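**Student:** First the structure, which I've put down as structure tokens, then a few questions once you've had a look.
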Amino acid sequence: MDMKSNSPDKQLNLDKRYIRMAQIWAENSYCQRRKVGALIVKDKMIISDGYNGTPAGFENCCEDETGHTFPFVLHAEANAITKVARSNNSSDGATLYVTSSPCIECAKLIIQSGIKRVVFSEYYRLQDGIDLLRRAGITVDFIDPQADDETPQTSGQ
């Protein structure tokens, strides 16, 4: 049996599983408006995780009484990247699985962290983060984890 012929299918199945795990991880968020989860995977090992929320030591409340998100709330990608930065792991060459496509600020962090691939399952209202990642040579794939037969939609290489 040729292992290379199964490689794309195996990778797609792994991608779907990691995205589903990121969706489950998003449930940890205390944010009411939007719950986002992220996993950083390297060599088939989860080396970091994150979800959108307040910085350590802050009350777990993301929105004010009018429903607007506080400016100090961290995005899931930023939480995962800063968490791996404080560990013995390196995100260089890793894949980021995130439930929503990254904003421009998170895209800058992703580029600087050495992540080489981003997989997401929902489009954010702005595309500038995807555009910046593509410009930096990072592979960006959209995957619907519920779809049966699907190949990743590459947004940039």
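In case you wondered, yes, glycine gets a Cβ from its N, Cα and C as well.
Residues or ranges marked as domain 'CMP/dCMP-type deaminase' by TrEMBL: 13-133. The Zn(2+) binding site annotation in TrEMBL covers HIS75, CYS103, CYS106. Per TrEMBL, active site, proton donor is recorded for GLU77.
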**Student:** Taking the Cα atoms as reference points, how far is GLU77 (active site, proton donor) from CYS106 (Zn(2+) binding site) in Å?
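**Tutor:** Roughly 6 Å, rounded to the nearest whole number.
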**Student:** Output the one of CYS103, CYS106 that, of all these binding-site residues, has the highest number of other Cβ atoms within 10 Å of its Cβ.
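**Tutor:** The residue with the most neighbouring Cβ atoms within 10 Å is CYS106.
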**Student:** Going by DSSP assignments with H, G and I as helix and E and B as strand, what are the residue counts for the domain 'CMP/dCMP-type deaminase' (13-133)?
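**Tutor:** For the domain 'CMP/dCMP-type deaminase' (13-133), the helix, strand and coil counts are 40 helix, 25 strand, 56 coil.
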**Student:** Measuring CB to CB from HIS75 (Zn(2+) binding site), give everything in the same chain under 8 Å that is also at least six residues away in sequence.
**Tutor:** VAL36, ASN52, PRO102, CYS103, GLU105, CYS106
**Student:** If you take the centroid of the Cβ atoms of HIS75, CYS103, CYS106, the listed Zn(2+) site, which other residues of that chain have their Cβ within 8 Å of it?
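**Tutor:** In sequence order, the nearby non-listed residues are ALA76, GLU77, ALA78, PRO102, ILE104, GLU105, ALA107, LEU109, GLY129.
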**Student:** Restricting to the domain 'CMP/dCMP-type deaminase' (13-133), what is the model's mean pLDDT?
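**Tutor:** When the pLDDT values over the domain 'CMP/dCMP-type deaminase' (13-133) are averaged, the result is 96.
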**Student:** Tell me, how many other CB atoms lie within 10 A of the CB of GLU77 (active site, proton donor), whichever protein chain they belong to?
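**Tutor:** Total other Cβ atoms inside 10 Å, all chains included: 29.
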